[in-house]
Amino acid sequence: MATVNVNRSVTDIFYRYKMPRLQAKVEGKGNGIKTVLVNMAEVARAIGRPATYPTKYFGCELGAQTLFDHKNERFVVNGSHDVNKLQDLLDGFIRKFVLCPECDNPETNLTVSAKNQTISQSCKACGFHGLLKVNHKVNTFIVKNPPSLNPAAQGSSLTEGKRSRKQKQKNDNADGSMTNNSLANNSGGESDGGNGTNQASQTEAEISAAIPEKTAKDDDDEGWSVDVSKEAIRARLQDLTDGAKGMTISDDYDKTEKERIDIFYELVKDKRDKKQLDDVQTHKELVIEAERLDIINKAPLVLAELLFTENIIKDVQKNRPLLLRFTLNNPKAQRYLIGGVEQTVELHKGILMSKVAGIFKLFYDLDILDEAVILEWAQKVSKRHVSKNIAAEIHEKAMPFVLWLKNAEEESSESEEEEDDESEEDNYVSSAGQRGGQRVVQRGIPRAVAGDEDDEDDVNIDDI
């Protein structure tokens, strides 16, 4: 089997850390098509990670569901995927979750703290130990399925481990009771009277001695339980810095995009109802939440739905600072904002359809939408956000402003060309004058003086 370096940035053929080249096979057709990772188990053993981790990483990166069958060592990613692309994704996983950040060696272990919901990485080669700095959707999966967990339980839940511990405890209790019964039978053959009572009291005494009494200290420890309600979590997030908020691990990563958009929708709606959207701190909080939910580009679509009414002109002017936080230097977010504007126009068609050109000009004048984004949008009628008829009508109403933009662009380009031509002519004239001056200097005398010398030469000839 062909092998490659675990760290593929190392080209040394004698590099000691090798792994099998990933093999994939596409099975099925239509909606049931899937990519089977044939040798994922061998690859996982070579890099020292459970096979579920890179498989889940593929699913997060490709937006596909994953299936695990530990008994048959079968790992599947839904959809048809090229093996070379999967190998590149595997390199990304190794870079983020396997290689040591200090020495780049793959001799590392991951340790999960279920209490703190953190992942630590330790290196056997250089001794490095620290928190994993990578913030990825697969982090949540790793926290729920730590490396120390039985591989067959990974991908399901921790309940199996708890269930096995309870079963073991039950078996131990059963063994203990059987031992006590045998002791009672052995000693109980002599007498059935007071001896039985003494044996029962003796057994109770042994059980009481085995179970430690509760102390005040134990009661104090029980009072330190963590409140995991939504209000408590939101309060703790408020105490974090902006950078730490983006690094927190949340179960929201496992939710679909629609569910994450709904979470952001409810947050914006709550801030709007409480009239907090004028606060700069609220703007920062919304941006951080959108980044955490990985919907920063689609957030303007939510803002348009909640903030724009039939008085969209005033709404845009009022909420310009908030809109700029999402659309500034972000063409994708601007395109989704245009989609939100289209939906608003469709909702208030009788009032806003005739004002479309002015609405787009307002967005342009306030620097919320860039010229290039508007011109790109105008090239094609799309029914992504509204019906095709409404989209075509909006494009038609916006055409005067689009033509104005195009003409302004052409005029600016023509004026720039004219300025360039004039500057070239000026440079040519000045250079010609300089060249003429140089010729006079080279002759060493002004033109009039040269004429006088010619006259003097004529006189001298006549005299001769």
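Note: Cβ is positioned from N, Cα and C throughout, glycine not excepted.
Feature annotation from Swiss-Prot assigns GTP binding site to GLY28, LYS29, GLY30, ASN31, GLY32, ILE33, LYS34, THR35. All chains included, 14 other C-beta atoms sit within 10 angstroms of the C-beta of GLY28 (GTP binding site).
Swiss-Prot lists 174-184 with the feature compositional bias 'Polar residues'.
Residues or ranges marked as compositional bias 'Acidic residues' in Swiss-Prot: 410-427 (among others).
The compositional bias 'Acidic residues' feature in Swiss-Prot is assigned to 451-464 (among others).
Annotation comment: Swiss-Prot describes 254-415 as domain 'W2', evidence class sequence analysis.
Look at Swiss-Prot and you will find SER9 (among others) tagged as phosphoserine. Cβ neighbours within 10 Å of SER9 (phosphoserine), excluding its own Cβ and spanning all shown chains: 9.
The phosphoserine annotation in Swiss-Prot covers SER412 (among others) and is backed by experimental evidence.
Residues or ranges marked as phosphoserine by Swiss-Prot: SER413 (among others).
Taken from Swiss-Prot, the feature phosphoserine covers SER415 (among others), and the record attributes it to experimental evidence.
Sequence annotations record features per position, and here Swiss-Prot assigns region 'Disordered' to 145-203 (among others).
Annotation comment: Swiss-Prot describes 409-464 (among others) as region 'Disordered'.
Under the DSSP three-state reduction, LYS29 (GTP binding site) is assigned to coil, being neither helix nor strand. Taking the mean position of the Cβ atoms of GLY28, LYS29, GLY30, ASN31, GLY32, ILE33, LYS34, THR35 as the GTP site, the remaining residues of that chain whose Cβ falls within 8 Å of it are VAL26, GLU27, ASN78, GLY79, SER80. Looking only at the binding-site residues LYS29, LYS34, the densest Cβ neighbourhood within 10 Å occurs at LYS34.
Counting neighbouring Cβ atoms within 10 Å of each of the binding-site residues (ASN31, THR35), the lowest count belongs to ASN31. Candidate binding-site residues: GLY30, GLY32, ILE33. Fewest other C-beta atoms within 10 angstroms, GLY30.
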